[in-house]
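In what follows, a single structure is set out as structure tokens and then discussed.
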Amino acid sequence: TLSSKEAINLDYLPYLRSAVLEPLHQSVKLMDDYDIIKEDVDNMMEISTWGGQPDPYSKLDSK
């Protein structure tokens, strides 16, 4: 239903999005715990980014 999609977007995606961008070992553990794959991460980033927000990947060390 529409309300459950909104609830996921508003309640869970911000947490998951931030957690996936944590240090690698924590990110991998979270992804394993929730059975999240790279495609899921890409989708989370796409649907939980609104105009005027900084790029979530800008916080990541490129090395």
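Cβ from N, Cα, C; glycine included.
Taken from TrEMBL, the feature domain 'DNA replication factor RFC1 C-terminal' applies to 3-63.
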Tally of DSSP helical, extended and coil residues in the domain 'DNA replication factor RFC1 C-terminal' (3-63): 42 helix, 0 strand, 19 coil
Overall pLDDT for the domain 'DNA replication factor RFC1 C-terminal' (3-63), taken as the rounded mean: 81
